[in-house]
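Take a look at the structure set out below.
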């Protein structure tokens, strides 16, 4: 019998009294939600008033659970979920799994421990199990399809619950816990897939890209090419060149050591860590010294803070860790070298950057079966930052133009072009509302890279992009869901209907996590 099943009442109740209550029977196997109706007869040997108290307590369980669920749902609803965020994507995936919810009441109690079989792996890396005749979803992190796990519910909504992972009762065929290298895995929110072999991680990330375009682009399947295999990272551990552990300080300050580390999965609290296996070896070597220095000043902090740790190459080929946001970092891959402020954005997996940028350049120049004379001659790098793609993809073009709204970023892009002997690149500071106004290259001979932040492109930028209408667009994104949304918008507009999607491929810049970098190529069909 499932642990949540309500205890049968056999003690003194008034004659003909009827009690309605939920009885969830063996959800894992039968997945049936039954409304049980029982008749109880008075038992002289037990005080009636005591049984009445038990009756009220039992009959209020479902009502109390639902009140709490509604209260929490309303509280969460007040905070709008950002479109394309992990939370937003998870809700959409749950909606697709539960097409027609029919449950009138939440079938569980908050903080209840349950057993559940995981059926799906979400794009956010969390497992999803369906219970109550597939009408209610339970989201459990650090799980895989086929796992039967024990989980503790900490958030209840009308159609789903969020749970803490407690233990594996029966593992999936895909689970291999001997692969786990981090002592904090299954508590820290940084990684999701350490128990999954790397080839299966890549396969899952391909599925994420497929689902994103299926559900987010709103494009007919005939307009979408088959998704290419995800390109793996040469390093699956010790690849991350930047980490940002943080700490909180309670009101009134702290008298003891600070808890410094990363956010615990499903909680708004920081967990103490002493190492991070996905960070570079240099960062892990320096980590204890940096933390010790912060701890020595613990009583001086009046509020929490984030600690920057960025791996930087030195001129003699060695590495150091930079913690000052304003200091200059040196990044090197292949024959290329870049400098930028430690607090600025730059891709955090050095080991895959050569493959990554080479593929982008191929996409910019690839004729895709079209006539050779249609190959682009000019390259515009929007969101150019410190010039990563402008410099790495410059060969083969008559000229390269990097556009950026930050004057500081443009200055570093110019320095990086000079450092790498790129003579055909120029960089301009553009205004957000007229980003392409200074570009004079003929659109039908121009290829463009766009690499926006996680939230994707705003409406103004997309409209300007359609107005300029370059021959080719290579859209790079760290959030495939906002990428799919933006591409769907572009192709739905009158000026965007002349574009065709040539290729979509994921790159694994963050092994062991659910994140996937997606590169999509659009080409204007010219008769």
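Heads up, the Cβ atoms here are built off N, Cα and C, so glycines get one too.
The S-adenosyl-L-methionine site recorded in Swiss-Prot includes 383, 404, 451, and the single candidate from 347, 363, 464 that the record places there is 347.
Between the alpha carbons (Cα) of residue 188 ([4Fe-4S] cluster binding site) and residue 478 (active site, nucleophile) lies a span of roughly 21 Å. The [4Fe-4S] cluster site is defined by 182, 188, 191, 276, and by the 8 Å test on Cβ atoms against their centroid, the other residues of the chain that qualify are 184, 185, 190, 194, 262, 273, 277, 278, 512. Cβ-based neighbour count (10 Å, all protein chains) for residue 404 (S-adenosyl-L-methionine binding site) stands at 24.
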